[in-house]
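Contents: one structure, followed by commentary.
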Amino acid sequence: MEEARESLTSINGDFGFGGATDRRFAFSRQSSFQQPHTPIDIPAHGLHHHLYWSARDDKPSASLRQSSFSSFVFSVFRNVRSGQRYMKRLFLMISLNVAYSTAELLIGLFTGRVGLVSDAVHLTFGCGLLTFSLFVMAASRKKADREYTYGYKRLEVLSAFTNALFLLFMSFSLAVEALHAFIQDESEHKHYLIVSAVTNLFVNLVGVWFFRNYARINLAYRNAEDMNHHSVFLHVLADSIRSAGLILASWLLSIRVQNAEVLCLGLVSVAVFMLVLPLFRATGGILLQMAPPSIPTTALNKCLRQISAREDVVEVSQVRFWELVPGHVIGSLIVQVKEGTNDRPILEFVHGLYHDLGVQDLTVQTDNA
């Protein structure tokens, strides 16, 4: 046993974990917030055998990764087939959009109308993003594994961010199109896109009805699933507003209203931008690991002052808090204590403070002064 401890001490030193005074992993509380982890002695020969096996067996590990990826893809398709109602609704909406965009593309190619081809390409790109959202809905249900120890829930945040980014780009492109319509002569415009806009509006209104429970701009996200579903709703809503704007512009042009297309496209551009901006900020903040908005900064600072005020605490440093997904807050900090101090009461005090604030996972490192 002494040889095993010496071996582990040398390994810790090689990896920069310090000496006997380093208690980096002395206490780590997860969901229970009650008991510290019990140290486990690992036999030296077992550890060396594991390292030797990993070093020489690269090819089997590569094949295992390929096999796990294939099983992951198949499990995603199984989840889509047996998924919840929102997954089935999204699959139906994607099927409708694909059928419509394909028909529009073929008609545009055979008749030589560039406007129909351009609109079909736009719809195809939108269908790709919705397909990614559907894939994420299924993939996020997979449990955590050795490679993704926190699970796949953050894929939902990434999907929502991608949808928000696409909608911001669409808002910008509509603004450019409005400027282009202002510069050129509107009398040269073709109004055959009215039928396409009406059909597209009908298809998107089906999607709006499917995700009507998320019909709010500033939605309070309880979890990552809400964020992804809200992004899908905003996607189809923005497409509906765009189609409605084109229909209104065509009607106003038919009754000789000046600059009707400029006005309608400009209003649609502003409306889409205002709709998607809160989602873009929320998803971007999570991906950048911003301080959790669910916990006030004043509350975090108050906890930090209470910890620093203890007589046995010398310094508190590297305090970091962020959201893995909406509703799941993670934090870490280093507490420097006086020499010879029992750190367990300090650890329990720190975990109790932040647990009351809603921090689910907290890692505290204690070092001797």
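Any Cβ shown, glycine's included, is placed from N, Cα and C.
Predicted automatically and left uncurated, TrEMBL annotations should be read as such.
If you look up TrEMBL, you'll see 90-288 marked as domain 'Cation efflux protein transmembrane'.
Listed by sequence, the residues of this chain that lie at least six past the ends of the transmembrane segment (90-114) yet keep a Cβ under 8 A from its Cβ atoms are 80, 120-121, 123-124, 126-127, 130-131, 133-134, 137, 190, 192, 196, 199-200, 203, 206-207, 210, 232, 236. Feature annotation from TrEMBL assigns transmembrane segment to 90-114 (among others).
Remote same-chain partners of the transmembrane segment (120-139), defined as residues 6 or more beyond its termini with a Cβ less than 8 Å from a stretch Cβ, comprise 72, 75-77, 79-80, 83, 86-87, 90-91, 93-94, 97-98, 100-102, 104-105, 108, 152, 155-156, 158-159, 162-163, 166, 200, 225, 228, 231-232, 235, 239. Feature annotation from TrEMBL assigns transmembrane segment to 120-139 (among others).
Counting residues 6+ beyond its ends, the transmembrane segment (160-183) has Cβ neighbours under 8 Å at 125-126, 129, 132-133, 189, 227-228, 230-232, 234-235, 238, 242, 259, 261-262, 265-266, 268-270, 272-273, 275-277, 279-280, 283-284, 287 in the same chain. Residues or ranges marked as transmembrane segment in TrEMBL: 160-183 (among others).
Within the same chain, residues 86, 89-90, 92-93, 96-97, 100, 104, 113, 115-116, 119, 123, 181, 229, 232-233, 236-237, 239-240, 243-244, 246-247, 250, 253-254, 261 sit at least 6 positions outside the transmembrane segment (189-211) and bring their C-beta atoms closer than 8 Å to a C-beta of that stretch. Taken from TrEMBL, the feature transmembrane segment applies to 189-211 (among others).
Per TrEMBL, transmembrane segment is recorded for 232-254 (among others).
The feature transmembrane segment is assigned by TrEMBL to 260-280 (among others). Sequence-distant contacts of the transmembrane segment (260-280) (same chain, six or more residues past either end, CB-CB distance under 8 Å): 160-161, 163-165, 167-168, 170-172, 174-175, 177-179, 181-182, 186, 189, 217-218, 227, 230-231, 234, 237-238, 241-242, 244-246, 248-249, 252-253.
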